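**Student:** Input: one structure, supplied below.
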Ligand SMILES: Nc1ncnc2c1ncn2[C@@H]1O[C@H](COP(=O)(O)OP(=O)(O)OP(=O)(O)O)[C@@H](O)[C@H]1O
Ligand SMILES: Cc1ncsc1CCO
Ligand SMILES: [Mg+2]
């Protein structure tokens, strides 16, 4: 068994507490996805408690899907507390580029906080990094040609892992770029599959521990994406459409074995010549 299976066992063994400040659409599915894979979710938004909760957690997952002033203030406060305590912060800049408010908020949070992982769809990451790309509401509407290079430069500058998802997922730690080819088109037919993935990445970087090296966090992220997308493949094989797919996805996350994850993993290093 390689690394990927060991990360899954570590999540199941430690049951990491993941503090989520997420959006109104996905709150329930994100919590259920975390439970199904073996982690422990908590959703906490009050300014009075977010700092305490973030310090207690093994990871903080921030998602600006239905942002407003209070949510942004809570994300900032929780993020600072997590940074001070060395708790890894995962950020999902949902819909960045759709409106000036989203773009400004995402850029500000990225500048103010030390992120362990930045994860969005390819359109969002392209816009946020100024590499091009487009969004339509919260969906990707086009990826930039040079996205992997832009991601690698940003990751190197900030010392974080950057992930752009889609049919192929790109992951970089600022040195290497990986292309991950698991998943299923039904993931784009249910709301919040990316948000569920972001929450799950909280669990995987959470078990990498406080102050883990960015290369170790990248390994955790690759494992988290692969487990989620392999579960999606197994769920899709038994689903009639989006409704049963979401239910089957919880089942598949719950039953996923390290052996299945490793056997079905499609992870490759993207070499310079193929990064166009
Ligand atoms: N066409 C596809 N084929 C296979 N997997 C896909 C496809 N599209 C998306 N995925 C997978 O779906 C998940 C979500 O990725 P996506 O890029 O759709 O995120 P997102 O736009 O942020 O989602 P959402 O806004 O619904 O939360 C990832 O695990 C990704 O690998
Ligand atoms: C549909 C939608 N709108 C804001 S957040 C969200 C969930 C998917 O990102
Ligand atoms: Mg998204």
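Glycine is no exception: its Cβ is also placed from the backbone N, Cα and C atoms.
According to TrEMBL:
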type	residues	note
BINDING	43, 192	substrate binding site
BINDING	119, 165	ATP binding site
**Student:** If you count other CB atoms within 10 A of each CB, which of 43, 119, 165, 192 wins among these binding-site residues?
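**Tutor:** When each Cβ's neighbours within 10 Å are tallied, 119 tops the list.
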**Student:** Tell me whether residue 43 (substrate binding site) sits in a helix, a strand or coil according to DSSP.
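**Tutor:** In the DSSP reduction, residue 43 (substrate binding site) maps to strand.
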**Student:** Between residue 119 (ATP binding site) and residue 192 (substrate binding site), what C-alpha distance do you get in Å?
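**Tutor:** Counting only the Cα atoms, the answer is 13 Å.
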